[in-house]
Amino acid sequence: PRVCVVGSGPAGFYTAQHILKHHGGALVDIYEKLPVPFGLVRFGVAPDHPEVKNVINTFTQTARSERCTYYGNVTVGKDVTVPELRQAYHAVVLSYGAEDNRVLGIPGENLPGVYSARAFVGWYNGLPENRDLKPDLSCETALILGHGNVALDIARILLSPLQLLRKTDITDSSLAALACSKVKRVWLVGRRGPLQVAFTIKELREMINLPGARAVLDPADFTGLENAVKDAPRPRKRLTELMIKTALEKPVEVQAGAAAPRAWGLKFQRSPQEVLPSADGRRVRGIRMALTRLEGSGDSAKAIPTGDTEELECGLVLSSIGYRSLPLDPAVPFDSQRGVIPNSSGRVEGVPGLYCSGWVKRGPTGVIITTMNDSFDTAQSVLEDLQGGVLDISPSREGFGVVESILRSRGVRPVSFSDWEKIDAAEVARGKAAGKPREKIVDPAEMLRIISH
């Protein structure tokens, strides 16, 4: 059986890995829009979290398997359509993730100085489409909308001492911009309360221990929470206890004459109403928030506006309210309300032989391990359908043989995995010269030059 996987992030690679491991004859081709593989492991994981990127070693082993082939620099839906792939393969798995962000839908969100978290993370991580972002870091106060791990990542990058970032694979140009940054204070704002934050304890602890930055948590926000959290699941309980402890700790007295360090804090039960423009209307000067009260409890609590508002001053707004998947091809059903491909256990509804895994299957939530389990689940559906004869493999399918001529006729030249390894070697060599693990190449044209494409 020939299987095609669209997308080379964790969802794509884990799906391929599981199929190759549990079916001794399957051939898997992975298609990727960019010349370089690994999706959000490369472009989403924070530069100062190198240990999370170790999964790249597993993915590399999969890509080097003699039954797996990688084709980068191929945009499915444009260079080759999903119906064309379905003609060439016995099964097609869509694992292309979430390449857009949710919008706030409020006045002023398009003002200069307002950025999506997705674009900002892409900028410091070298995602080609965000390389020219040039965020304005000339203000003292930044405000991040959202209480997830991505929001904490951004706050940490904005406030980290430069000597810590210099040793990471953060891009050269973003390091230069952060070196000139005036940002001293970062507020992370959420619509709901401390019991609904979506970040995890590891990320919170890292933020609390960040050198040269102090945590500003208002003890009043945590009144009575010790009791409320008694019967909560252990991770939620520990997370809340850490916030309470941090809120109640006396700040270490700053030595006389020393400049106040950088600071960050959490604000709760505030929902953005409008981004406020400066007097000349040319940039952001603050944000108006509706104060909210919670109805219900736990994760299902809803934030209801109370009618009161509050203005917060800031010169930089980062919206971290979630990623969003987009439809790939008119031939693929898509639920634009939920931003997912309608499916059951990864089988796309109404289209036999078409599957999906990862964020486009279940929505943009969870960490790499969540995506791994989810992808194994989809791969299992493919294997069951192969075994049960649901997928007819009697007609021989040409796989890339067919696709190659389609791509050639459209002037598209795919990038192989050994091509990627040349780009990888160039990045590592440049990084070594700068004392970093790698210096990412952010321009696809330059990537293609390196492999003399």
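Note: Cβ is positioned from N, Cα and C throughout, glycine not excepted.
As annotated by TrEMBL, domain 'FAD/NAD(P)-binding' applies to 2-158. TrEMBL lists A11, E32, L40, V76, W359, G366, V367, I368 with the feature FAD binding site. For H147, G148, N149, V150, R191, R192, E203, G366, the entry in TrEMBL reads NADP(+) binding site.
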Residue with minimal Cβ packing [other Cβ atoms within 10 Å] among the binding-site residues G148, G366: G366
When distances run from the Cα of E203 (NADP(+) binding site) to each of the binding-site residues E32, L40, V76, V367, I368, the nearest one: V367
Rounded Cα-Cα span from V367 (FAD binding site) to N149 (NADP(+) binding site), Å: 10
Binding-site residues: E32, E203 - member with fewest neighbouring CB atoms within 10 Å: E203
Nearest of the binding-site residues (H147, V150, R191, R192) to V367 (FAD binding site) - Cα to Cα: V150
I368 (FAD binding site) versus binding-site residues H147, G148, R191, R192 - nearest by Cα: G148
Cβ-based isolation winner (fewest other Cβ atoms within 10 Å) among the binding-site residues A11, V367, I368: V367
Count of other CB atoms lying within 10 Å of the CB belonging to V150 (NADP(+) binding site): 23
Using Cα positions only, nearest of the binding-site residues to V150 (NADP(+) binding site) (A11, L40, V76, W359): L40
Distance from G148 (NADP(+) binding site) back to V76 (FAD binding site), taken between C-alpha atoms, in Å: 31
